[in-house]
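Trainee: The structure's right below; bear with me while I get my questions together.
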Amino acid sequence: MFWFVPSLLHLILCFLDMVDVGVMSGAIMFIQQDLKITEVQEEVLVGILSIVSLLGSLAGGRTSDAIGRKWTMAFAAVVFQSGALIMTLAPNFKVLMIGRLLAGIGIGFGVMIAPVYIAEISPTVARGSFTSFPEIFINLGILLGYVSNYAFSGLSPHINWRVMLGVGILPSIFIGIALFVIPESPRWLVMKNRIDEARLVLLKTNENANEVEERLAEIQQAAGHVNAEKYEEKAVWRELLNPSPGVRRMLITGCGIQCFQQVTGIDATVYYSPTIFKDAGIKGNTQLLAATVAVGFTKTIFILIAIFLIDKVGRKPLLYVSTIGMTTCLFGLGLTLSLLGNGSVGIKLAILCVCGNVAFFSVGIGPICWVLTSEIFPLRLRAQASALGAVGSRVSSGVVAMSFLSVSRTITVGGTFFVFAAISALSVAFVHKCVPETKGKSLEEIEMMFQNDTPQQGGEMELEDVKHLMQTQ
């Protein structure tokens, strides 16, 4: 099916993003040895990517509305590749930070615009799976990052971390190929009054000409406000800063789910998994890196499950299972590290809890976060509102990554995960109250659902839904 092809660039962007995350979790140990950086510099190096990526996310909305979704993703890839190359060749901490900053800006562009592009070009019936499908490559990137850490850990500390970071440069050739294949978003084309081009793109994703014309008419109607305002930037931000009740509900749902995705500590688990396992009692760098491979493998397997279920079971049941499961695993990890550390039982339970946490994350809030933020906003606001959500995600991620070591030194690693467990419990309540079910609805229908104040009415989920989900799994 042709509609598989447009996801290619998003998959590669996510692969680049998470190869960096997976690799950095192990490479940071060798960077510390080679460049003699302090613990504070280590935290800054790890967390600054998420913080600076908000600049890319903020600029991404306006850029994508000006030059298109497709070429914004291409620009993101070029900036990221430049940063990755500088990091690989960095002779000292300052140059390494410059490369990290560039990589962060590129990632900020990518994580903001790619889900928007996928949602806008996907058929309604498969939008959830299609938008979350790139999560396979996110998690594959983490897994490959862990594997490369393990594979290259035997090299000289001056060389091994450079080889690890250099792995992220390899997919650049696929990006060039993808640019010649993927089409522009039909909704962006309509906003630019390029109706015939939009029709051709829709015909490639739907062979029924009558349905294409109906979808085109819906998109034109949704874009009417944009065209009437001549796509004035100030008008968009004015509406976001002084939102109507419907738009306010959209912002709460979209930005809230983005923040909860990160403040529950997933980046701390991924970046600092060697630190967690070391605290549990695992000795030796090779053994620590080998244990992280299990984490990457678990994330990859469970994202496959999520992609299979998201358009069958729905967004909200998966979010319930995800947030409740994460809360349980985070609390269990806190208990394990606090009471059973440095023993074989503690090591096994720590690995089990970490793998369980990333499994529940990957089956629910991980992919669904991006699905929701790409489908709940109206066309006239989608790019800029998604940018706001991505900023919330990046800031939350950076705060967690840049504070984990310091906080864990103050209240212990186990105590830190008790905090994450409490935040995860709050995310369950947020899902119940603020997140509607969007499965099977067109983007225009979802907009009307928020405008008509139905998200709160859909806040209840029957026990039978959870039972059905567990039986399906």
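Including glycine, each Cβ sits where the backbone N, Cα and C put it.
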Trainee: Give the range, chosen from 195-229, 265-299, that TrEMBL lists as coiled coil.
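Mentor: Of the candidate stretches, TrEMBL labels 195-229 as coiled coil.
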Trainee: Under an 8 Å Cβ to Cβ limit, what residues of the same chain, 6 or more beyond the ends of the transmembrane segment (411-431), are close to it?
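Mentor: Result: 256-257, 260, 263-265, 268, 275-276, 279, 316, 319-320, 323-324, 326-327, 330-331, 333-339, 341, 365, 404.
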Trainee: As a test: from 71-90, 97-118, 317-337, 349-373, pick the stretch that has the greatest number of Cβ pairs under 8 Å with the transmembrane segment (288-310).
Mentor: 349-373
